[in-house]
Amino acid sequence: MNASTDRESRNSTAGPKMTISGASKRYDTRSGTVHALDRVSLEVRDGEFLCILGPSGCGKSTLLWSMAGLHGLSSGEIRLGPSKIEAPHPEIAMIFQEANLLPWRNLESNIALPFELKRTKPDRARISRLLQRVGLAGFESKYPRELSGGMQQRASIVRGLAVDPSVLLMDEPFGALDAFTRDEMNLLIQEIWMETGKTIIFITHSIAEALFLADRIVVMSARPGRIQEIVEVDLPRPRPISVQSTPEFIARVNDIKDMIDHRKV
Amino acid sequence: MDTQLRDQIPTFGAKQGADISLSGGLSSLSSGSNRTAFETLVIILVAVVIIGGAELLIALFEVPQYILPRPSLIAAALVSEWKFIWPHLLVTLYELLVGFTIGASIGFLLAAVITQFPFVEKIVTPYILLLVTTPMLALVPLLILRFGFGSEPRIIAVALASGPMVMINSATGFRRVDLAKIALARSFGASTLQIFTKIRIPMAMPMIIVGLMVGSIFGLLTTVGAEMVGGAEGLGNRLNYYSSMIRMPQFFAVITLLATIGISIYVFFFWVGKRWGSWDA
């Protein structure tokens, strides 16, 4: 297990942004021990857009929450550069499913929350630039319930980016949105990634979404949660939404689908 | 004018005049923005008809004053007796305020701490339920034996009556943990205290306010009841005094004051709820 990670780290030249080595997570439930993650090793390159794709129960959320320092591992370790991740790290921001805004705070004070928690002054200029960028300027005094699902998720992206992290972890962020809004958000996050050069690790169970966004797709299989395959995506950027209807794209979707189906049999 | 039935389906996209659930009908007391002049007029008119109607009917059927005095007599008694009544009003308010503050603080803190430890909660909850369901008035004679005829036994009774109400409702609020929101705060490096003040308290706030409202009303009932049981002060004592003298207009004047206190408490917490607890409406 350790030997393989040594080999992997020697192979990379620039030095990985994040290193996951032999990450395992087991927990006991009434029906027995669940092997959520089984010896997952992975290197995340600096500035890449990495998608983690897999069926529900494959441990992809467990992996991401561990990378955020929110979960502990049963064995193995996760590093950001040289530092071991054991608790939330200021360089890492997390974007949750369904926006996760606090309903008792308006947009402005929702975005100010990370600064409040870190006891620093909000970077007003940066926040208003980001709000402008995602098309939410002028909505600062609105409450989450007054905003559409897409707007809420855009606000949560601003909240994550406001503290200027170098890694953005996104846990199925657009899963609850309708197909049109989802396309819109995928375009937006691609643009933001290209503009900011952040390292993004993005969880999804949509093959098309993963192919559209990712530089590399980590395909995971369930029970136990393992990395099954890592797929490089070399489609030119920026990718337009229409790329999803090209025969080549559809062929790639089917290839990945086959990988997952074969695994199940 | 809003004459729609509550279960009528509104037009899509139209704004609904929804109030927070704990006191929907109370919007007639608040200066709601969605009340029209017509509605105000009707509300005042109905009040006038009820009070005027009572006045007329009591006069018409020659109901004896010792059974039910006319509203005008009650109003007159309230004015003429005011100088004798107001010291008692202050005593009642003092006992209520002190007892409620003590009880509510303890209840709130207990709820906040206990809900963090499910095992402790299981042990403590039956005793809290016992305190909620047992009328604390029953303890007053005992408390008087121990603490005398001053305000202390009544303050203790009020604290015992309101505290558990605040506690049980707050605990319900604190139990509504949203793991995603706690994870959100943690991911930005929040401390346990910050999670408590920035996530758990605001999330529990609607139920905390319900607890404070119910607790303070229970406190008022207990204050007056305890004053009727023993002692020489307070509005409850005045009720005993005026009824024993068969001075019914004065008796009802005191009842009017008590009703005013009760409604003021209700309106106050309604307003607090609208301001701080209506985010989940």
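For all residues, glycine too, the Cβ spot is worked out from N, Cα and C.
The domain 'ABC transmembrane type-1' annotation in TrEMBL covers B:85-269.
The feature transmembrane segment is assigned by TrEMBL to B:41-61 (among others). Remote same-chain partners of the transmembrane segment (B:41-61), defined as residues 6 or more beyond its termini with a Cβ less than 8 Å from a stretch Cβ, comprise 28, 68-72.
Sequence annotations record features per position, and here TrEMBL assigns transmembrane segment to B:96-115 (among others). Long-range contacts of the transmembrane segment (B:96-115) within the same chain: residues 121, 124, 128, 151, 154-168, 170-171, 173-175, 196, 200-201, 208, 211-212, 215-216, 219-220, 222-223, 261, each at least 6 residues beyond the stretch ends and with a Cβ under 8 Å from a Cβ of the stretch.
For B:127-149 (among others), the entry in TrEMBL reads transmembrane segment. Counting same-chain residues at least six beyond the ends of the transmembrane segment (B:127-149), those with a Cβ under 8 angstroms from any Cβ of the stretch are 110, 156-158, 160-161, 163-165, 167-168, 222, 225-226, 229-232.
Long-range contacts of the transmembrane segment (B:155-174) within its own chain (CB-CB distance under 8 A, at least 6 residues past either end) are made by residues 95-96, 98-100, 102-104, 106-108, 110-112, 114-115, 121, 128-129, 131-132, 136-137, 139-140, 143, 147, 200, 203-208, 210-212, 214-216, 218-219, 221-223, 226. The transmembrane segment feature in TrEMBL is assigned to B:155-174 (among others).
Using a Cβ-Cβ cut-off under 8 Å and counting only residues 6 or more beyond its ends in the same chain, the transmembrane segment (B:208-231) has close neighbours at 22, 91-92, 95-96, 99-100, 103-104, 107-108, 136-137, 140-141, 144, 149-151, 153-154, 157-158, 160-163, 165-170, 173, 201, 237, 239-240, 258, 261-262, 265-266, 269-270, 272-273, 276-277. As annotated by TrEMBL, transmembrane segment applies to B:208-231 (among others).
Summarising the annotation, TrEMBL assigns transmembrane segment to B:251-272 (among others).
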| field | For the transmembrane segment (B:251-272), sequence-distant contacts whose Cβ falls under 8 Å of one of its Cβ atoms, 6 or more beyond its ends | value | 22-23, 26, 29-30, 69, 74-75, 77-78, 81, 85, 89, 92-93, 96, 209, 212-213, 216-217, 220, 224, 235, 238-239, 242-243
